[in-house]
Amino acid sequence: MWARFGETLLVSCAGGLLFQLIHTPLPWMLGPLSLVMVWRQLLKRPLWWPVEIRNTALVILGYIIGNSFSPVAAVQIFRQLPAMFICTMATVLFSLLIAYLTSRGTGMSLSTGILGSIPGGLTQMVALTEEIKGVDISGVIFLQTFRLLAVVFVVPFLVIHGLSGNTAPGNAAGASHSIWTFTPVDPAGLAIYAAVALAATFLAWRLKAPTPFLTGPILGTAVLNMFGGTGPEVPRLLVIVAQLFMGAYMGQQMQLAGLSNWKRMLPFTLMGSLFLVLFSLVLGELLSMFHSVKLVNAFLSTAPGGISEMSITAIQVQGDLSLISAYQIFRVFFILFLVPPLLKRWLGSNTAKLSKFGDSS
């Protein structure tokens, strides 16, 4: 098992170095993700990456995001709560349209298309499929995974090479500039922030909050900052390590085995993902107009990626990390807490009809 872990680590490092050399966006996340996925699928290598290592990366990133919050940022976020709700509802409704078109084009059931198209998180949507009859779990995993992959690749490219004017790699409030820079820190302050971040992570885990290893330290660190504190910076080298940990885990999670019609599903999945990104760009343009927010910040706020992936992109382009993460967290919490019960009730009462929808179309 540890030999497989070592192989995964070497492949991940090679992927990061390769993507760094060819100057791709987020090389230390997308590089490991891509090479591990290709290595596993083409060479049939049984790679292994512990989820605990991925969770460690999420805690680090959660601290960085939480450390970007301030009382001023909190006021700005509060004023934009109606916009957050409108953007989230628009994203959900557009995702339902994509689900309908995908089910028509691929022959899958509408229930599978819906659970695979709504950007509510792979783990949470898969868990929901197990509670609804007539849903193809493999199809949901495929749709959710490739949607996330498309967003993770397309959004950073658009932001870094299109909207931000090729901004050089930047830093957030919790991350230092140079890869070898280690800013002196106050031991007492470090101990307090570390204790609060870990305690908040544990509490979020016990309360079964969405993505507890990310949302826990975000909320815990942000609360400290609301009382006038500022946490120590995270060395950029540690940020790179966290990205590698996340990319390796995502790459080894991708599996096509057992999904017979994936070649038919892939074009619809990619097109649906691209249209969802473009729709998010339109929402971002409207948000920047009505709230005087920079387009790069507005787009990253409305983009249908994960909190961690969009926040890493924000760090790269020196975006407004507190605003972006607030929009992303609001959407994730809204979708995970309110949408699943409604979907479960609706899909559960229409299972027979929806499971046959694809065949009848």
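Glycine is no exception: its Cβ is also placed from the backbone N, Cα and C atoms.
Range with TrEMBL annotation transmembrane segment, chosen from 8-24, 127-143, 212-228, is 212-228. Listed by sequence, the residues of this chain that lie at least six past the ends of the transmembrane segment (212-228) yet keep a Cβ under 8 A from its Cβ atoms are 55, 58-59, 61-63, 65-67, 69-71, 74, 174, 192-193, 196-205, 307-308, 325, 329.
Counted over residue pairs separated by six or more positions, the transmembrane segment (234-252) shares at least 3 Cβ pairs under 8 angstroms with the transmembrane segment (26-43), which defines the two as touching. The stretch with the most CB contacts under 8 Å to the transmembrane segment (188-205), chosen from 26-43, 55-77, 83-101, 264-283, 324-343, is 55-77. It is 324-343 that, among the stretches 26-43, 83-101, 264-283, 324-343, forms the most Cβ pairs under 8 Å with the transmembrane segment (55-77).
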